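To start, the structure itself, in structure tokens.
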Amino acid sequence: MSDWKVDPDTRRRLLQLQKIGANKKCMDCGAPNPQWATPKFGAFICLECAGIHRGLGVHISFVRSITMDQFKPEELLRMEKGGNEPLTEWFKSHNIDLSLPQKVKYDNPVAEDYKEKLTCLCEDRVFEEREHLDFDASKLSATSQTAASATPGVAQSREGTPLENRRSATPANSSNGANFQKEKNEAYFAELGKKNQSRPDHLPPSQGGKYQGFGSTPAKPPQERSAGSSNTLSLENFQADPLGTLSRGWGLFSSAVTKSFEDVNETVIKPHVQQWQSGELSEETKRAAAQFGQKFQETSSYGFQAFSNFTKNFNGNAEDSSTAGNTTHTEYQKIDNNDKKNEQDEDKWDDF
């Protein structure tokens, strides 16, 4: 990739031209120290006016930065042969109002003739001005309002207004605009608040509910709370779904070894013994309890058998050790006590 950079000699010559006479101010708005140029007209313009020229189209005008862009030799020659003062005199001699919008001022037969004149001057040719019988420069003022409405807002604010007057009017205009925008924002947020008050409270905002602040979540509906407690063993769940409640109780017992029989007896069996004896429970409830008891007895028998085998192996290993006699005897007593306690639990279930 080639190393592109601005020719320092070209930039120096352009900066020197910019400091001569009328070139010190923008051709269109009069802003001081213009840093852009339109080579087709050989004039110096400011940054904002350069943006307007860019929107006119390259067939009318194109712009270059006198410090950041590279100029072709013929473009640099047009800047040297032209200038803001010759262009101003040409417009005035042909009754072109300098305060007209750029679209009107540079897109007409008089402006085209000046570009042709500048080209002939650079090429050492004789310029012959053409006659435009159907063109009336005085009618450009009547069409300027229509052209201004199609021009960007920056152009409208700059047309025919001295720079000093615009700067002095800026604080008041900005203050009025800020007050109007503030009132508009307050009305908008007040309308949002009214709409939020009409939203339901039991739904999240994503589903059309009310916004209640950052981090807030609506309370769970009653059916969700009841669904969360349906997995626990309680009197209400047992009455509503006896078979499902006992099945869930059996699953909890099978998955957690630390869940003792006393917990199941206290939470499920004892509260319903009286209802069982009085015949208030249905036949489905009795069948569910019988199935639960049978599964519990089978699993508990298997567990007791496995535990007995474990204790036998533990006893055989303990007899081979002569250094832990007293400790082993104490462990035997704890195991026997646990066996008796498990047998008592099994007897309770058989009685039930």
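Yeah, the Cβs are placed from backbone N, Cα and C, and that goes for glycine too.
What Swiss-Prot lists as compositional bias 'Low complexity' is 138-151.
The feature compositional bias 'Polar residues' is assigned by Swiss-Prot to 168-179 (among others).
Feature annotation from Swiss-Prot assigns compositional bias 'Polar residues' to 315-330 (among others).
The feature compositional bias 'Basic and acidic residues' is assigned by Swiss-Prot to 331-343.
Marked as domain 'Arf-GAP' by Swiss-Prot on the basis of sequence analysis: 11-127.
Swiss-Prot lists Thr151 (among others) with the feature phosphothreonine.
Residues or ranges marked as phosphoserine by Swiss-Prot on the basis of a large-scale study or a structure entry: Ser157 (among others).
Marked as phosphothreonine by Swiss-Prot on the basis of a large-scale study or a structure entry: Thr161 (among others).
Annotation source Swiss-Prot lists phosphoserine at Ser168 (among others), citing a large-scale study or a structure entry.
What Swiss-Prot lists as phosphothreonine is Thr170 (among others).
Annotation source Swiss-Prot lists phosphoserine at Ser260 (among others), citing a large-scale study or a structure entry.
The region 'Disordered' feature in Swiss-Prot is assigned to 138-181 (among others).
What Swiss-Prot records for 196-231 (among others) is region 'Disordered'.
Sequence annotations record features per position, and here Swiss-Prot assigns region 'Disordered' to 315-352 (among others).
The zinc finger feature in Swiss-Prot is assigned to 26-49. Away from its own ends, the zinc finger (26-49) comes close to residues 14, 17-18, 60-67, 71, 75, 78-79, 81-84, 86-88, 102, 105-106, 111, 114-115, 118, 154, 158, 162-163 of its chain (Cβ-Cβ under 8 Å, at least six residues beyond either end).
Each residue of the domain 'Arf-GAP' (11-127) gets a DSSP state, and the totals for helix, strand and coil are 60 helix, 10 strand, 47 coil. The average pLDDT computed over the zinc finger (26-49) stands at 95.
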